[in-house]
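Read through the structure below, which is laid out as structure tokens, and then see the notes.
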Amino acid sequence: MASGRRAPRTGLLELRAGAGSGAGGERWQRAVLSLEEDALTVSPADGEPGPEPGAQREPEPAQLNGAAEPGAASPPLPEALLLQPRRVTVRKADAGGLGISIKGGRENKMPILISKIFKGLAADQTEALFVGDAILSVNGEDLSSATHDEAVQVLKKTGKEVVLEVKYMKEVSPYFKNSASGTSVGWDSPPASPLQRQPSSPGPPPRDLRDAKHMSLKMAYVSRRCTPTDPETRYLEICSADGRDTLFLRAKDEASAKSWAAAIQAQVNTLTPRVKDELQALLSATSTAGSQDIKRIGWLTEQLPSGGTAPTLALLTEKELLLYSCLPQTREALSRPARTAPLITTRLVHSGPSKGSVPYDAELSFALRTGTRHGVDTHLFSVESPQELAAWTRQLVDGCHRAAEGVQEVSTACTWNGRACSLSVHIDNGFTLWAAEPGAARAVLLRQPFEKLQMSSDDGASLLFLDFGGAEGEIQLDLHSCPKTMVFIIHSFLSAKVTRLGLLA
């Protein structure tokens, strides 16, 4: 009787095994890839076994700027640099940023670490920074207890000259040298994500492929844009959902790489409904999230301010966009996303070709801006297909409108003409300004519908300007904090009202 399971797809590809000491600067091992319904199996190709059991592995020296030059061995890091902090001045060009990627942060119980240095950009040109360097401070601002997002914001706001205080972390550098260059973190590493490991226990370095190894396809990350400088685009990167395992593969040509990526992604997609159901059960049991429904889940590739990229798992609910570095598998992990963007204060500002310099297919990118009490957060993401781009952009816009219709009204304290007031903004009733002096009756000072609003603006600090025309003209409200949250909510209400009238598709 037939089992009902289709035969796995198999093929011969190359697996990146790590940095080599020869002229090539890196080693590739032929491997047989077998795609099954829920897993990917990688086996040594016939005639190309891994090293003999018990064979000595040459120690891998620290690499200058995280990459070996073709035709030369990796230069070892001077021993003196391992013992003391260093100050490195980076001078940024007019375009390109610092040219580094970072990992770690307080939420991962690790310092902020340089995980990749991009060839030819500002950090690389110093010849004084290394993959595995911990960033202790930026222009004197301490990062020793910073979260990943806080560090990104500090680096993003730097000027043309940046002074980095760094210290090389020998214990964790093997993970970042390998993951930054697209190599595997090692099949035999202990069952914990390298980013969540203590620096004192980094685990073994990556090993050659000796036996068949298996990677679960459950919510795996699949990308073809991990080597932007490759003119043939024949590389694949597959990461497990928990971030423990990474496969960096090379196909014979672009068509083969595209075919394999599509086939692997199709299998991942068949498993996604099961993952969605599991997360929905966890979300329903998480008191902070209430009973929100999950509208969409999937991997995005985020463009970082440093110029690198990072896989980001996005979970879209009725009210929020939740972003994670790996698949949350417990209620605690689900309740602690790396970032949260309330949909009512989030705006899709770009979809399609990017105007900036993006090291991957900018045709499949989109940008989001979120108004917060600290200002505006902007994030650029890309996906793997036009279908994904259309689905994400449509659901994000619809989600913003649903959130606006659900909230209906928001209020905030403010000052108008020296008087303490309360501003209420209602999706149907418009703007109402109430007197809010202690002991005074709650009196309406001003009421205007949305239809009368001719222009709105803010100073980015605390002032909101609303122009309703007529005798009243423009009014100035002091919200006592950054007005961006209220500005974005007003935009969401307006957009939802226009869509409700059928003026937008």
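Glycine too: its Cβ is placed from the backbone N, Cα and C atoms.
From a predicted model like this one, the values you see are computed outputs, not experimental measurements.
Now, the feature entries from Swiss-Prot:
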- 1-77: region 'Disordered' (REGION)
- 6-269: domain 'PH 1' (DOMAIN)
- 87-170: domain 'PDZ' (DOMAIN)
- Ser101: phosphoserine (MOD_RES)
- 180-211: region 'Disordered' (REGION)
- Ser184: phosphoserine (MOD_RES)
- Ser189: phosphoserine (MOD_RES)
- Ser193: phosphoserine (MOD_RES)
- Ser200: phosphoserine (MOD_RES)
- 293-401: domain 'PH 2' (DOMAIN)
- 449-505: domain 'SU' (DOMAIN)
- 483-505: region 'Calmodulin-binding' (REGION)
In the same chain, who gets a Cβ under 8 Å from the region 'Calmodulin-binding' (483-505) while lying at least 6 residues past its ends?
343-347, 369-373, 375-376, 397, 400-401, 403-405, 407, 410, 412, 423, 425, 427, 450, 453, 456, 458-464
Summarise the domain 'SU' (449-505) by DSSP state, stating how many residues are helix, strand and coil.
20 helix, 14 strand, 23 coil
Helix, strand or coil at Ser101 (phosphoserine) [DSSP, three-state]:
strand
What counts of helix, strand and coil residues does DSSP assign across the domain 'PH 2' (293-401)?
26 helix, 51 strand, 32 coil
